[in-house]
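A.B. asks: Straight out of TrEMBL:
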| type | residues | note |
| --- | --- | --- |
| REGION | 1-21 | region 'Disordered' |
| DOMAIN | 83-186 | domain 'FAD-binding FR-type' |
| BINDING | Arg135, Tyr137, Val152, Lys154, Met161, Ser162, Thr203 | FAD binding site |
Amino acid sequence: MPTSKDPTDAPAPSIAHPVAPTATAPSIAHLVAPLLTHPEFEHDPQLPEALGQRRRPDPAQRLRRTMAPILDLEAKGPVLDPTVFRPLKLAGKSRLSHNTARYRLALPRETDSLGLPVGQHVSLAATIAGRRVIRSYTPTSLDSELGYFDLVVKTYDNGLMSTYLDHLAIGASVLVRGPKGQFNYSPWMAKHLLLVAGGSGITPMYRIIKSAALDPDDTTKMCLVFANISEEDVLLRNELDHLALKSNGRLEIHYVLEHPPPGWKGAVGYVTREMLEERLPTGGPAGGKVLLCGPPGMTKVVKGALKDMGYYVPRRPSMIEDDIFVF
């Protein structure tokens, strides 16, 4: 999961302050709605048609077609702005493990979408202990889930933003800006994806997997290698297993534990070259793409192993056309 530290010399971000609606500022929908139902716009089926001519289109239908894009934008407009931090309220919080929680942030309206391309992330900002802190997180919800978005965040002992979120009260606001990132997933970008995640690095992978697995037109084959210390640390496991069932065989998942419980049937230890070789796309780099997100130690080992197998080391930051994309 990407993180971004706030430079001390950065200019203060612009913040969109919500403006309370007034009776003198009706929405477009309220202005247009009376016109759509006015009797003068109803078509009279008894009116005769001239021979060889089509009946004139219903004025109400013409108006609906003309206004539809405007009304749709008002009803389902994307909330994110890459240049402006917007205050969004915490609507819910649920504990996933001893140090990780799912945070649900409400969008201004129930019909709003976040407006975040799959593979990209958002920035959160807050003033903590007198300093402005900015961190980046990848939501786990899709834009088709209207009215809210979810973040899965692990709380670190010295993590300023993660600790702030852990103590944030329901109904309190946090500042959100985006989209950010160089990766934008599409169903045609690769025939095969190998996704290697460690710990909370599952969040960008999860959103990609969810989008692909639930899209009936997406034929991408995916293999997830998900490494953790213990079974308790495996985030979103039930959701991932459900998506594997929904994918019609396009998603395989391999869990790797450093300290497995008795009877564990998955892999044990760390992600190794042999483990990657068994699951890499046929044909090497030409056969697919590798996505990587996790602790620095794991990332370094995986990149080195992939380089030895013919993959080009990704740039910093990674670009979407790279053989290996590191979030």
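Quick reminder: no glycine exception, Cβ is built from N, Cα and C everywhere.
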A.B. asks: Taking the residues Arg135, Tyr137, Val152, Lys154, Met161, Ser162, Thr203 listed for FAD, what is the greatest CA to CA distance in Å, to the nearest whole number?
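C.D. replies: Overall maximum Cα spacing for these binding residues reaches 17 Å.
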A.B. asks: Measuring CB to CB from Lys154 (FAD binding site), give everything in the same chain under 8 Å that is also at least six residues away in sequence.
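C.D. replies: Looking at Cβ-Cβ distances below 8 Å from Lys154 (FAD binding site), excluding near sequence neighbours, one finds Asn99, Thr100, Ser162, Gly199, Ser200, Leu235.
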A.B. asks: Across the domain 'FAD-binding FR-type' (83-186), what is the average pLDDT of the model, as a whole number?
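C.D. replies: Its mean pLDDT is 96.
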A.B. asks: Work out, from DSSP, the number of helix, strand and coil residues along the domain 'FAD-binding FR-type' (83-186).
C.D. replies: 8 helix, 53 strand, 43 coil
A.B. asks: Give the residue from the binding-site residues Ser162, Thr203 that has the most other Cβ atoms within 10 Å of its Cβ, counting over every protein chain displayed.
C.D. replies: Thr203
